[in-house]
Amino acid sequence: MNRPAPVEISYENMRFLITHNPTNATLNKFTEELKKYGVTTLVRVCDATYDKAPVEKEGIHVLDWPFDDGAPPPNQIVDDWLNLLKTKFREEPGCCVAVHCVAGLGRAPVLVALALIECGMKYEDAVQFIRQKRRGAFNSKQLLYLEKYRPKMRLRFRDTNGHCCVQ
């Protein structure tokens, strides 16, 4: 199956890598790709299809937060995701958080869009921003979820330059 290449989404002080899931056969290449982008945490939002031990051996923490394909994330995963980002980007400025689902077109982009929205971006702008790099991202159910999502501005803190930053 031909999968889209990983894409980096950078906004203000946040860096994300959206990617598809590897197999045990492609795990070495996948791990090298993560290291190239400086990934320290990988969030897996689909069922496990590979052994995470080799990834963790390379110093990349793997979190398993699966939710249904095509569906919006449950509230608990949204809370966990935003809390993770708040901590990561404060403690490791410049780090990159990777997130993957099966194809990297639905669940993973939704979580990145939520982070952008929580930082003050309008949902339409967040969708367009991600789709510029990840064509085909989001299905209609996910778009409706993002449209109705009401941010609590959990990632919106201003630094002295007026930039969104995580504190």
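Even glycines carry a Cβ here, placed using N, Cα and C.
In the disulfide annotation of Swiss-Prot, Cys101 is paired with Cys46 out of the candidates Cys46, Cys95, Cys119. Each residue contributes its Cα atom, and for Asp69 (active site, proton donor) and Cys46 (disulfide bond) these two points are 8 Å apart. Across the domain 'Tyrosine-protein phosphatase' (5-158), the model assigns an average pLDDT of 84. Between the disulfide-bonded residues Cys46, Cys101, Cys101 has the most other Cβ atoms inside 10 Å of its own Cβ, all protein chains included.
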